[in-house]
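Asks: Grabbed the feature section from Swiss-Prot, which reads as follows:
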{"type": "ACT_SITE", "residues": "27", "note": "active site, proton donor"}
{"type": "ACT_SITE", "residues": "162", "note": "active site, nucleophile"}
{"type": "BINDING", "residues": "89, 109, 143, 144, 145", "note": "substrate binding site"}
{"type": "BINDING", "residues": "141", "note": "Mn(2+) binding site"}
């Protein structure tokens, strides 16, 4: 038995990959754990539309009916959105158990990367990656996303790490694991809702084509994933000091209620949504759409690079 027995790829995504067309993977914990129905369904449809408008095929990934689904759509997408309250949150450690036990799960950045790589998708758009939580020196709460980035050949386009995390420690961990952090038209690592964290990226890139060349060579050299940090649009960015005050309040609430481990991030995001009177969610949707557009452009550039490489190989032959 191989991974192919547990992977279900939609016909649209399969045809696109076979034809060398650009495909962008999308995660599903934002659907199952990020916002309520029907806003979650509206959001994913908007994000998929952004990917299409920018020339690529969207591939929303989730665990459903004992399969890792790549390219969830139609009635299944609505079922995923409606069932969010009952769905599990699947990281790397959960995949085998959830595939055997069945049920439905939203995939984290780590699991989405795994499924994308197995399917042959090289570019993935998300909101923000997980990372080192504040206080990790005592809780050891560090996301599996960072380890996955070090070993799986997928480029992740994001608005940095979620602001609720310890961003300096997250970047140090990425450095330890040899994960290159590329700033898309920026030298400052973005902080999800805020455009700047005060921390520097490893390398600034100016275009999707430039990003594609770096990513392609990274993979050709047999190295792991690449993080492309793309700041939230200025029109939707939140004030860094104001959001920090809300984050600190949300963390105090989590500590008071004993919330920890994989329940912590959804709890904090929900509490911050309440404290900002919904502004954080509006910003979240805007940054995901922005990342989807950039990811589609990078996927298109990588597809064109692949086509040129094949042409050169044929010419030499």
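Every residue, even glycine, has its Cβ placed from backbone N, Cα and C.
Tell me about the setting of these features in this model.
Replies: Residue 27 (active site, proton donor) has a Cβ environment of 28 other Cβ atoms inside 10 Å. In the three-state DSSP reading, residue 27 (active site, proton donor) counts as coil.
Within 10 Å of the C-beta atom of residue 162 (active site, nucleophile) sit 25 other C-beta atoms, taking all shown protein chains into account. According to its DSSP assignment, residue 162 (active site, nucleophile) is coil.
Within the same chain, residues at least six positions away from residue 109 (substrate binding site) with a Cβ under 8 Å of its Cβ are 27, 124, 126, 129, 130, 143, 145, 148, 156, 158.
DSSP assigns residue 141 (Mn(2+) binding site) to coil in the three-state reduction, outside any helix or strand. For residue 141 (Mn(2+) binding site), the number of other Cβ atoms no farther than 10 Å from its own Cβ, over all displayed protein chains, is 19.
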Asks: Under a three-state reading of DSSP, tell me whether residue 109 (substrate binding site) is helix, strand or coil.
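Replies: Helix, per DSSP.
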Asks: With the substrate site defined by the record as 89, 109, 143, 144, 145, how many Å span the farthest pair of C-alpha atoms?
Replies: 13
Asks: Taking 8 Å from the centroid of the Cβ atoms of 89, 109, 143, 144, 145 as the cut-off, which other residues in that chain fall inside it around the substrate site?
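Replies: The surrounding set, listed in chain order, is 91, 92, 108, 110, 111, 129, 130, 148.
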